[in-house]
Amino acid sequence: MGDNKEGGDPNRIMVFLRIRTAKKDEIKESEGQSYLMQVQEDQKTVVLVSEGNKQFNFDHVYDGPSAHNHEIYLKVGRPVIENIFQGFWGTLLVYGQTGTGKSYTMCNFDKGNEGIIPGAMQDIFAKAAEDTERVYTVKFSFIQIYLDKLQDLFNPTRKEELKINRDNKGVGFPGVVERTCTSYDEFLEQYNDGNQYRVVCATDTSLESPRGHAALFIRVHSSLKDSTAGGKERDGQLVFVNLAAYDLVGRTAGELRNEETRTINSSLLALGNVVQSLAEKSDHVPWRNAKLTRMLEDAIGGKAKCSIILTAGPSSEHVDETIRTLDFGATARVAEVVRNRYRVAAGRRNEAVPAQSGLSAEEIDEL
């Protein structure tokens, strides 16, 4: 199911699994803690031996120290970036238990081991600079959902909560600050300016565990340098989503931490219900049950080429959390979508052209 081809890509959400390298003394067989997952030779299947050899299949499995951030970006991120420049929207989302490498995979900025976000932004600016026929503008906004409230990380003193608006152009956030950047270094400076306002705290499994979901919305607009050609403008949109992790209420100390946990868990449950409805091809998809799902309706609901990276720890100590992660990914992988091509044409801004229309990219640009 979901393997119909469109331009060589499966017409569904792509799902990848990254298993974190075991920490020192994490695997204690004398205490009943063993390696939970066995990766099969196809590097697409994991088997949970302690759970009756239960199997999960993904588009690729990256196992421990053999997996490098750059390798993951090339396989998972770059195909999405290529689509942005061709007029599609794209989404890269990371999902997993706290302490399993979500932030390391998505937003590690260490030179030589960059994660998904820096790898993608380097590619975007490099590709824009290489294009001799088009002029590019790159803008982005940075939003956090904390205690079920949308916050503009570029406007942290704003008293009013950001609102979610949906019209014929899709999901928007009236009044959100959108910054323009002309280089990777400028992007990094502005990203750090917003990222300092994310809410994090130390937990049993992570020194800096995000206490809210975060999303970067990148807009890549381009037009032909030869203005006499007219009408061939493009708007691509890329969404990076770093989800906070499900946890047990009471595991984190203090009433505020527990309230954070409750709101995180509730929104992740709503996201799981949306993915389940997509997988079942339900007539009703409960997008409006949470602000997280309302925010991501365009990002995972069919307008975007979407890839999800699951992160999981290697130890059987966290078997319940790991199975929850794998179940979510397995369901998402079945969720078949119909992607739409979005671009800007004279008088028809952000109008969708169905991906199954049979038109070539050049024909769509001529509309």
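Any Cβ shown, glycine's included, is placed from N, Cα and C.
Remember, TrEMBL labels are computer predictions, not curated facts.
Annotated in TrEMBL:
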BINDING   Gly96, Gln97, Thr98, Gly99, Thr100, Gly101, Lys102, Ser103  ATP binding site
DOMAIN    12-335  domain 'Kinesin motor'
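On the 0 to 100 pLDDT scale, the domain 'Kinesin motor' (12-335) averages 90 in the predicted structure. Counting other CB atoms no more than 10 Å from each candidate's CB, the binding-site residues Gly96, Gly99, Gly101 peak at Gly96. Of all the Cβ atoms in the protein chains shown, 27 others lie within 10 Å of the Cβ of Lys102 (ATP binding site). Most buried of the binding-site residues Gln97, Thr100, Ser103, judged by other Cβ atoms within 10 Å, is Thr100.
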